[in-house]
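A.B. asks: For reference, the structure I am asking about is given below.
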Amino acid sequence: MLMICLCFLLTGDGNPKESSPFINSTDPEKNQQYDGKNMALFEEEMDTIPMVSSLLSSLANYSNLPQGSKEHEEAENNEGSRKKPVQAPRMGTLMGVYLPCLQNILGVILFLRMTWMVGIGGVIEAFIIVLMCCSTTMLTAISMSAIATNGVVPAGGSYYMISRSLGPEFGGAVGICFYLGTTFAGAMYILGCIEILLVYIVPQAAIFKMEGLEGAEAEAAMLNNMRVYGTLVLSFMAIVVFVGVKYVNKLALVFLACVICSILAVYAGVIKTAFEPPVFPVCVLGNRTLVWKGFDVCAKVIERENATVTTKLWRLFCDSEFLNATCDSYFANNNITEIQGIPGIMSGTLRENLFGNYMDKGSFIEKVGLSAAVEPDSIPTNTNRYVLADITSFFTMLVGIYFPSVTGIMAGSNRSGDLQDAQKSIPIGTILAITTTSIIYMSSVFLFGSCIEGTVLRDKFGEAVRGNLVIGTLAWPSPWVIVFGSFFSTCGAGLQSLTGAPRLMQAIARDGIVPFLRVFGHGKANGEPTWALLLTACICESGILIASLDNVAPILSMFFLMCYMFVNLACAVQTLLRTPNWRPRFKFYHWTLSFLGMSLCLSLMFICSWYYAIVAMGIASCIYKYIEFRGAEKEWGDGIRGLSLSAARFALMRLEEGPPHTKNWRPQILVLVNMDSELNVEQPRLLSLTSQLKAGKGLTIVGTALEGTYLENHPQGQQAEQSLRKLMEAEKVKGFSQVVISSNMRDATSHLVQAGGLGGLQHNTVLACWPRNWKQAEDHQSWRNFIELVRETTAASEALLVPKNVSAFPSNGERFTEGHIDVWWIVHDGVTLVHICISLLYLQHDSDISAYTYEKTLMMEQRSQILKQINLTKTEREREVHVRPQAFTTEPLMTFRQLVHSTMFLTNHLRYASFAWCVLEKFDFRNVKRAVPGKMSRQLFQIVVATQRQDVLSCKLRLAGYCVLLFWVLYIISLSRHCSYRVVVP
């Protein structure tokens, strides 16, 4: 089956077999380009290269290293300067994608845990696990194919393809998860290599001996051996990678041959069992499987020279070799049975292995269908003579252990820059590799269940079959083919992980999206990632110290599932958003497949281990937020930015439906600042006040106006906008900046007031400084512009905040321990002032307000309720409810929180103050009428018109006298009807 797929790929590589598109071509235009250039010298040789020679040449140059390794190898050999600047030959689908994916997918789990998974979970559940995992990788491969066929494939491998589709935040998070997954894959391969070495090849090489140890002691000795040898192997591999990737590159073909030969040996052994099963006896005592070690005959006694003699097995359970010796009770009460470990594919074993046999740690591996005599309440002895379950098994654990065996699907896309036609090779090669490996895995489930006895399948380390590798007992011509093949393939996979992971980290570091990782972007002169290799070795060592393949595999599953999930998410999001630059040409792609793949990945994460899934998602979230706040700003045209734009458009359309409810009202502030000649903000404390007002979490627009024409002053406008952004960042003001250039400053300010915001997200408050030195200034344009601003905000029904002496306001770093804020209500304005004060004192605690203030507030509220109940008129109720002038005390009269809920009807001093100032200083009397609305303004305007033809000095004296009289009247009315409320700031 595997050879059929290889032959199919060989004939369907898609590479033209002619020597050149210009040589021997029937196109006359191409022939004209080469007339008279003597290209016929190469014609005969190039046309006569047979297909077999081309294949052998490709195999000789086969490399399964990630992109960039070849350049580093050339730099090590100093070949880069000697070579001519001729483009290197590109790889096709077979050598560039299919075989690397095949080599990376088929690995240690197939050789060490596949048979055990079938025995524990049964054929049915094992097939379901394989189907789920293979479906996940197939759906992810379809999404990867969509990315690969969406325009030019970037020459950076899978990380570049993912990050440029997801954006810096998600791309960095997924890239680091992909890196951690590749690093822990190296740890898993090294642990598998050590397990094969110490359990099946040279068990006597163990430093910590396990003979005579039972239970936890034997397990601890095994783990310590794994740690010591794993550290040594990791150090050796890291040195090999550091010295040069050329040595790893030269062994790539050997590792590939080991994988293919091992798979073929298994299928050959399965065919052989149909007519001549191998002899691997299994000894069963009662229904408990015995460790075949220390004896040669599966019997208690044997007949020798007409005499009954005991066997070595007898001596393992009895205190002497005589027939009257005292023996273990379970040994004495049960019979010995010898069964065949490999009964063959025609034996009907499949029926017995259909269903699962999950076990607890330390339980006996028993033969189904055999009975045993067990004394009640008896404590098992000689447990080291039996095959025991080393871990507690359950379905979700099997999923976590198996999933790493289907990873490695991105090995082809990692070499995207070296492919002749990446848009064609990546989809075809990856999908065919997944199809081939899926067929191998699914067929292995049924073949193992049909050929191997259930007790042997559940024996993880082959103790029942004389310590042989279980899958090796099925291989032909010898179990050693599988043992050595799996050993070298795991070594090669470990070297490839240690070669690829540092380069992935180097790519992330050089992108600059994670600032603290930039140091790992440096390396040797040839570009070899030295610091990234050191980091990879340290992380890989942490996985080796776990020392258990079964515990490292779920960690590896989490990181790869996270990576695959975000690949599917990126494709689904960009399709649903109809991103303009997202036009995949892969005809089998649909967004529902990506969504299904994302759902499968997320489900498998929680199926494998819910707490590992939470930790992995937490790591990705932390990396995402770190990149968002501290990372470099990158614009890659990603789909997540398109999602943000669509969400913002949807929210703005919702806001257009109507005005905000009173409960949802919050200050949306337009801050008007002035720029000096160097385009710096003249009033930086104005942004400090804005930052302090933003407890309401509303909109903030910081705007400024520049005088001139847009075409001439466009660079100055950009510089002014950068200055605004820097100051906003320094003052921690979250909002937007806007610069308007106009020939008239008044028109520019009016444009900011009218056009600020977008849709329903518009400002409702304008914050501007009081004009400085307006009395002494010869140019009256500043206060005239201010008057126009007051009129425009009034016309727009917006609140106006005018801080005076803003330079004396506290900065964000200053904190007052005591003080007060005076709030004067002049007109009932919908409690706008209250909302502004809420923004200032949003974080005040109840304990910060004095008890006396609570008492006064409660008394006034009770009085208001009584006045409402006695049916007074509105005028009488207003007169009675307001506090008399003598109520002024040095203590606060109301708490700030109770002040929010009180309704006071006060008159607006600000309008009349601005009116008086306008009358005294302005000579354009037409503006006086518009500046001061109401009856008083009309009466005053009549006086102005009547005296307009008289002496100007006389007119000013009459106006001044009227204003003085007006202020005294308003002040007396204010004292008699209204009060000042003071909010104490602790």
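Keep in mind that glycine also has a Cβ here, set from the backbone N, Cα and C atoms.
Unlike curated records, TrEMBL annotations are generated automatically.
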A.B. asks: Could you check which of 94-112, 531-549 is flagged in TrEMBL as transmembrane segment?
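C.D. replies: Range annotated as transmembrane segment by TrEMBL: 531-549.
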A.B. asks: What residues in the same chain, six or more past the boundaries of the transmembrane segment (426-449), come closer than 8 Å to it by Cβ-Cβ distance?
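C.D. replies: For the transmembrane segment (426-449), the sequence-distant neighbours (Cβ-Cβ under 8 Å, at least 6 residues beyond its ends) are 1-2, 5, 8-9, 14, 93-94, 96-98, 101-102, 105-106, 110, 114-115, 118, 122-123, 126-127, 130-131, 134, 137-138, 141-142, 144-145, 148-149, 153, 263, 266, 270, 345, 349-350, 353-354, 405-406, 409, 412-413, 416, 419, 457, 471, 474, 586.
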A.B. asks: Count, for each of 228-245, 252-271, 469-495, 531-549, 589-613, the Cβ pairs lying under 8 Å from the transmembrane segment (187-208), and report the range with the highest count.
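C.D. replies: Comparing 228-245, 252-271, 469-495, 531-549, 589-613 against the transmembrane segment (187-208), the winner is 469-495.
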A.B. asks: Ranking 228-245, 252-271, 386-405, 531-549, 589-613 by the number of C-beta pairs under 8 Å to the transmembrane segment (555-577), which range is first?
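C.D. replies: Highest pair count goes to 589-613.
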A.B. asks: Give residue numbers and ranges for long-range contacts of the transmembrane segment (589-613): same chain, 6 or more residues beyond its ends, CB-CB under 8 A.
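C.D. replies: Same-chain residues near the transmembrane segment (589-613) but 6 or more away: 132-133, 135-136, 139-140, 142-143, 145-146, 396-397, 399-400, 403, 554-555, 557-558, 561-562, 564-565, 568-569, 571-572, 575-576.
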A.B. asks: The transmembrane segment (252-271) vs the transmembrane segment (469-495): three or more C-beta pairs under 8 Å (separation of 6 or more)?
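C.D. replies: Between the transmembrane segment (469-495) and the transmembrane segment (252-271), which are separate recorded stretches, there is contact, as judged by 3 or more close Cβ pairs.
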A.B. asks: By DSSP assignment, list the helix, strand and coil residue numbers for the domain 'SLC12A transporter C-terminal' (684-793), in that order.
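C.D. replies: Helix, strand, coil within the domain 'SLC12A transporter C-terminal' (684-793): 58 helix, 21 strand, 31 coil.
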A.B. asks: Would you mind listing the long-range same-chain contacts of the transmembrane segment (531-549), meaning Cβ under 8 Å and 6+ residues beyond its ends?
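C.D. replies: Here the qualifying positions are 108, 112-113, 180, 183-184, 186-188, 190-192, 195, 223-224, 226-227, 230-231, 234-235, 238, 241-242, 401, 497-498, 501-503, 505-506, 509, 519-523, 555.
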